[in-house]
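Inspection log for the structure reproduced underneath, given as structure tokens.
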Amino acid sequence: MPHFNSSIFRPSMLTLIGIPGLESVQFWIGIPFCGMYIIALLGNFLLLVVIKVERSLHEPMYLFLAMLGATDIALSTCILPKMLGIFWFHLPNIHFDACLLQMWLIHTFQCTESGILFAMAMDRYVAICDPLRHASIFTQRLLTQIGVGVTLRAALFVAPYLILIKCRLNFYWTTVVSHSYCEHMAIVKLAVEDVQVNKIYGLFVAFSVLGLDIIFITLSYIRIFITVFKLPQKEARLKAFNTCIAHICVFLEFYLLAFFSFFTHRFGFHIPSYIHILLSNLYLLVPPLLNPIVYGVKTKQIRDQVSRIFCCNYPS
């Protein structure tokens, strides 16, 4: 076809330009991004260590939190090193297959995080609405199955992204990706061929994974609130709310950023491209940064263990 004449057939390299329109200040943008990454790594590693060494925290809520921390470390590590290479060292090139691998890892970890948040909501639902059966339902075996299940669900749902790109899209208008990491739609938009199937499947994954998770999480918390408001004692109501508040904060932070980024990227045609990219970056960097802080501040058991770790180095 004529429009293939000036196109590129199966490029071996792509070029990530970073944040379009802000190339001159990307060096300075990289400084707070690097700071966020370091704090996220330290916070989540500390969270994992505290949960591992303290046997009293070997409960479903904290084990799910450990899964969330490990996912956050993996997600931010998929993005930041390459992004800082673009911002600071002018290393924008990436092999096409490496770009697809980064894309698959990023979206897989995003879906995994959503699945873990759903599992945490179910844990709180059973703990508050059916406390006598909580220990018998959330056994170690079930926790392992949930961890494997949400990871496999994410990997299998995202895998067709790779297949649809590798098997359907052969010709590309350009090798320049207007993004700071390899995002699915940013790569698909480079293709000359019809990408309707790719777009539809991307929407299907977003709504069947993130969409269903957010629906079930919302329903579980509606049921939790109904149960809590029926408790006769004010102290019992406050205690029940306190066990959920950290999860609600993380839930709102993750999904609000996710859907705002998702819809502006696809339907916000009048929003400048650098706003799209900054939102996408913040969506992937802010949850790993805030999750250990929120849980560390709002969860007394974790706060006490962190204080014990640091205080033991400074005996009075």
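Keep in mind that glycine also has a Cβ here, set from the backbone N, Cα and C atoms.
TrEMBL annotations:
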DOMAIN    43-295  domain 'G-protein coupled receptors family 1 profile'
TRANSMEM  27-50  transmembrane segment
TRANSMEM  62-89  transmembrane segment
TRANSMEM  101-121  transmembrane segment
TRANSMEM  142-163  transmembrane segment
TRANSMEM  200-222  transmembrane segment
TRANSMEM  243-263  transmembrane segment
TRANSMEM  275-297  transmembrane segment
The transmembrane segment (27-50) vs the transmembrane segment (275-297): 3 or more CB pairs under 8 Å:
yes
Between the transmembrane segment (101-121) and the transmembrane segment (243-263), are there three or more CB pairs that fall under 8 A, provided the residues in each pair are separated by 6 or more in sequence?
yes
Considering only the recorded stretches 62-89, 101-121, 142-163, 275-297, state which has the highest number of Cβ pairs under 8 Å to the transmembrane segment (200-222).
101-121
On the 0 to 100 pLDDT scale, where does the domain 'G-protein coupled receptors family 1 profile' (43-295) sit on average?
90
